[in-house]
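S.K.: Quick one: structure below, then a few questions.
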Amino acid sequence: MPGLLAGKRLLVTGVITDASIAFSVAKLAQENGAQVVLTGYGRLSLVERIAKRLPEPAPVIELDVTNPDHLAGLADKVREHVDGLDGVVHSIGFAPQSCLGGGFLDAPWEDVATALQVSTYSYKSLAMAALPLMSAGGAVVGLTFDATKAWPVYDWMGVAKAGLESASRYLALHLGKQGIRSNLVAAGPLRTIAAKSIPGFERFEDAWTERAPLGWSLTDQEPAARACLALLSDWFPATTGEIVHVDGGYHAIGA
Ligand SMILES: NC(=O)c1ccc[n+]([C@@H]2O[C@H](COP(=O)([O-])OP(=O)(O)OC[C@H]3O[C@@H](n4cnc5c(N)ncnc54)[C@H](O)[C@@H]3O)[C@@H](O)[C@H]2O)c1
């Protein structure tokens, strides 16, 4: 099939509903010629059901990014479906409730540690688990929420995202010699399961709706997904450690 990602083999994490950013990435990637393997966390039968809504059936491999056995076995499981990987999409985030919604000063370390392990450290873990299948020209892409500012209600997830942004730069540093790129898309607020778990998320929604220069749809995952595809493609061959904002221009505007 012709298209931006013709012939590319992708591993896409993070599909849980058809509103997941990862679902849009997988759908658009298939429509643009890529072969997609999904990973699912927890409710695998649900992920498998959602995967059937993609243009092409996609296999689903179980992956909890905090489980060392899952990570160690990932490359072999992916190899059952494709003979290598050209791109890996990290679309994973989680923080316990204590870490969100204004709980910054009281969240206990155990909860913060979970947020950082799932949302930050996993970027490196996933890339390393997939590395045996990758070669020069390959790309890792993740999703962030602009971590240059402290946002009301985002709290430790904001710290986790700041860490993710740094981790992406370090991955760019350490995998550059192998010709593998690492870039992030900083998306504006989108109504997904992860977003709904943030108490007070509507504050982001109101701010973006009022102020994004290009306007902003809270239910259209496609702009963020398109940017992921572009970064996975051969059209950013000399770009790594970068963060592309897909937020209607909100980040560029003063309060
Ligand atoms: N929705 C937004 O407003 C928004 C904005 C910017 C960035 N993001 C980021 O986009 C990414 C995708 O989130 P989404 O908004 O599509 O929500 P989502 O709820 O659809 O996806 C989050 C995914 O993380 C997975 N996950 C959680 N813990 C995991 C674990 N231990 N191992 C493996 N997977 C695990 C979930 O199964 C789920 O598929 C996240 O990194 C999120 O922070 C979201």
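Placed from the backbone N, Cα and C atoms, the Cβ positions cover glycine too.
Note: TrEMBL annotation is automatic and uncurated.
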S.K.: Have a look through ILE92, ILE180 and flag the one TrEMBL assigns to the NAD(+) site that GLY14, SER20, ILE21, ASP64, VAL65, LYS161 belong to.
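M.R.: Candidate in the recorded NAD(+) site: ILE92.
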S.K.: Tell me, how many other CB atoms lie within 10 A of the CB of ASP64 (NAD(+) binding site), whichever protein chain they belong to?
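M.R.: Within a 10 Å radius of the Cβ of ASP64 (NAD(+) binding site) lie 16 other Cβ atoms.
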S.K.: Around the Cβ of LYS161 (NAD(+) binding site), how many other Cβ atoms lie within 10 Å? Please give the count over every shown protein chain.
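M.R.: 25, counting other Cβ atoms within 10 Å of LYS161 (NAD(+) binding site).
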S.K.: How many Å separate the two farthest-apart Cα atoms among the NAD(+)-binding residues GLY14, SER20, ILE21, ASP64, VAL65, ILE92, LYS161?
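M.R.: Largest Cα to Cα distance for the NAD(+)-binding set is 19 Å.
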S.K.: Can you tell me how many other Cβ atoms are located within 10 Å of the Cβ belonging to ILE21 (NAD(+) binding site)?
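M.R.: So the Cβ neighbour count for ILE21 (NAD(+) binding site) comes to 26.
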S.K.: At the level of the C-alpha atoms, what whole-angstrom distance separates ILE21 (NAD(+) binding site) and ALA95 (substrate binding site)?
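M.R.: Here the two Cα atoms lie 18 Å apart.
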